[in-house]
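In what follows, a structure is listed as structure tokens, so that the remarks can point back to it.
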Amino acid sequence: MTIRNQRLSLLKQPISSTLNQHLIDYPTPSNLSYWWGFGSLAGICLVIQIVTGVFLAMHYTPHVDLAFNSVEHVMRDVEGGWLLRYMHANGASMFLIVVHLHIFRGLYHASYSSPREFVRCLGVVIFLLMIVTAFTGYVPPWGQMSFWGATVITSLASAIPVVGDTIVTWLWGGFSVDNATLNRFFSLHHLLPFILVGASLLHLAALHQYGSNNPLGVHSEMDQISFYPYFYVKDLVGWVAFAIFFSIWIFYAPNVLGHPDNYIPANPMPTPPHIVPEWYFLPIHAILRSIPDKSGGVAAIAPVFICLLALPFFKSMYVRSSSFRPIHQGIFWLLLADRLLLGWIGCQPVEAPFVTIGQIPPFVFFLFFAITPIPGRVGRGIPNSYTDETDQ
């Protein structure tokens, strides 16, 4: 058998042909911009988190008396341990930044619209899994903020009628955050990334069923090129830029995105003066505390994800991309500003005037999803595909 025939035979194997179909010969719109590179970048972030997490787990001890010291052991005694920890800790923030940009790009260009509803729903599930994974990963360092963050967040389940207290006891594995809680969170944090991998593969498969959206928001099977080598090279530019950005945080500001109280061993006796979650939880924290009643605040979190899930089913857009919808553009930038304001409010102390100001951004956030279908019905716009007009 010649070398050429051997290569062809290899590509015909089930696994190789699947990889070739989805990663090499996948037909891609030729006008994709750099904003479409955040999907592959998110995959790289996930791989970084899994690899660094596995190596960190080799040196970590999930016990309340040893957890904090084992983290310090990684930092001081393990060769390259400081790099592993800073890559993992800052990598979580980089992962969330990339995914946020990926989500907002989809909102701007309406990538969630028909026939890609299932792609969007899977994306929301992935986002929810990421939040749970990040929260379970915040507890294992067993610093002061880790302990009290776990105590406060898990206590929110007590707002659920009838079964709330039972759920809290089950989460804790006892009557307070202790060794059982630490072991449960560490185990879940080790498991969830692999579930994320499976959900991401389903997300990719669902996307490739109908193909990628593009900046124009129209579909054409004529103006497409293979993913390799064109978009590999284009994505490579984004990967290099991300590597530089990531390296700056690792080597020059590794602790900026963390909290100094987490360098104090967990102590259930003194309460920190201001319990602040990680930056990626701040918008949810702001929505939670915008309603004075505990049950109302917890109930306000669920609609955030329900709105994101329901958005693809608003059958109202003749024009998909916001490039041709100036009204929707304004609403989108208002949502982005509101998201930043939620993050700022979430890190402020619970006192005037922040409490009053904090009740406005959640209202604007939910208003966005309520009025999104309206601008989509203004104007006929461009056809859904280049061939629509010729087929009529």
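Each residue's number is its place along the chain shown, starting with 1.
Cβ coordinates are placed from backbone N, Cα and C, and glycine is handled just like the others.
Per Swiss-Prot, the feature heme b b562 binding site maps to His88, His189. Taken from Swiss-Prot, the feature heme b b566 binding site applies to His102, His203. Residues or ranges marked as ubiquinone binding site in Swiss-Prot: His208. According to Swiss-Prot, the feature transmembrane segment maps to 38-58, 82-104, 119-139, 185-205, 231-251, 295-315, 327-347, 354-373, an assignment based on similarity to another entry.
Feature annotations (Swiss-Prot) mapped to structure.
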residue : record                   : DSSP class
His88   : heme b b562 binding site : helix
His102  : heme b b566 binding site : helix
His189  : heme b b562 binding site : helix
His203  : heme b b566 binding site : helix
His208  : ubiquinone binding site  : helix
Among His88, His102, His189, His203, His208 [binding-site residues], residue with fewest other Cβ within 10 Å: His208
Contact check, the transmembrane segment (82-104) vs the transmembrane segment (231-251), 3+ Cβ pairs under 8 Å, seq sep 6+: yes
His203 (heme b b566 binding site) and His189 (heme b b562 binding site), distance between Cα atoms, whole Å: 21
Sequence-remote partners of the transmembrane segment (231-251) [C-beta within less than 8 Å, at least six residues beyond its ends]: 28, 32, 34, 36-38, 40-41, 44, 83, 86-87, 90-91, 93-94, 98, 257
CB contact flag for the transmembrane segment (185-205) and the transmembrane segment (295-315), at least three pairs under 8 A: no
Integer Å distance between the CA atoms belonging to His102 (heme b b566 binding site) and the residue listed as 'ubiquinone binding site': 17
